[in-house]
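According to TrEMBL, the features are:
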- A:13, A:14, A:15, A:16, A:17, A:18, A:19, A:20: ATP binding site (BINDING)
- A:6-184: domain 'Guanylate kinase-like' (DOMAIN)
């Protein structure tokens, strides 16, 4: 284990805010950060490799992981389970590398309970109007469905108070720059570097 | 008052670490940040303007400011008083502008007491050897004086634990980049932006 442990960053935010786009843009920049690999019970698609896109598990294996508290968070979507294995995250952090976890708001709140030392970043829409127009922009939703999604989004934005940072997704590049600044700043936190300096003094 | 108040950043660190150099480099970058103006009882030098380099005060005026708690911190050097007027800092923050205060470690600890919501950045030498060689590099000091300055510096580095961030001054440009990241990150803190979002919801 290196003297400076990596930091777990959790990127989350309401559905439709553009988490996936931001994450993709960050990946393209080849930062020194590891993207978390989820476990899932869904079948691998063509070209997917175990341990790269996902850790593929049987339902029994997955349920056992839940039982043994081996997941930072988990959820069921359309009959399949998805979750974040603690072991993979901890191993990567112990190697001194940061981990970025992109995740829904409910999952992030679960992670907060089991991993409070993580750095929680909330991606916010520039305004509620803008979020509505992004949802409407997808074209196929009825008025009822749009209103429903907006009220879910509002509830999710209320969850922002449980996060450390709030990054406005006004423009992909600016939002990425803010996230990179947060990563740099977190590495400068006294609580993070203190052990290194104590070592310097002892020597 | 704007909905987002400015943030007070305090840049400090042991003598010899290069606070002045970093501050000068930051100023040259024309960031949207106001550099704090100190009050002093020393006489203005040629070309110095009241309210620009310093607020020039008589000794009586200065002592009255101390008495009425109008200074964030103050100290006496070689018969003159120096201090940071609270009013100037608060006015600038209320206008929504950040303030950067470059200051000695003892002064920063005073500011911490009266202004705990400030963001305290500690500038550290890359190593104690490096700090020693910077002090030796000035040429004129005796071995005793160097050892004395080193032990003061060590005591000051111990004060790092009272700060929020620690920035290594390995290279001026990298150190400035880290400080700029800290400024950006602090503006993304949920505690800082929360009032804006509450307003969004009320409307």
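Just so it is clear, glycine is given a Cβ too, placed from its N, Cα and C backbone atoms.
TrEMBL labels come from automatic prediction, so no person has curated them.
Within the same chain, residues at least six positions away from residue A:19 (ATP binding site) with a Cβ under 8 Å of its Cβ are A:11, A:12, A:13, A:102, A:123. The most densely surrounded of the binding-site residues A:13, A:16, A:20 is A:13 (count of other Cβ atoms within 10 A of its Cβ).
Highest local Cβ density among the binding-site residues A:14, A:18 belongs to A:14, counted as other Cβ atoms within 10 Å over all protein chains shown. Reduced to three states, the DSSP call for residue A:14 (ATP binding site) is coil. The Cβ neighbour count for residue A:15 (ATP binding site), using a 10 Å radius and every protein chain shown, is 13. Summarising the environment of residue A:17 (ATP binding site), the number of other Cβ atoms within 10 Å of its Cβ, over all protein chains shown, is 26. Within the model, the domain 'Guanylate kinase-like' (A:6-184) shows a mean pLDDT value of 91, rounded to a whole number. In three-state terms derived from DSSP, residue A:19 (ATP binding site) belongs to a helical segment. Surrounding the centroid of the Cβ atoms of A:13, A:14, A:15, A:16, A:17, A:18, A:19, A:20, where the record places ATP, the chain contributes additional residues within 8 Å, namely A:123, A:125, A:169.
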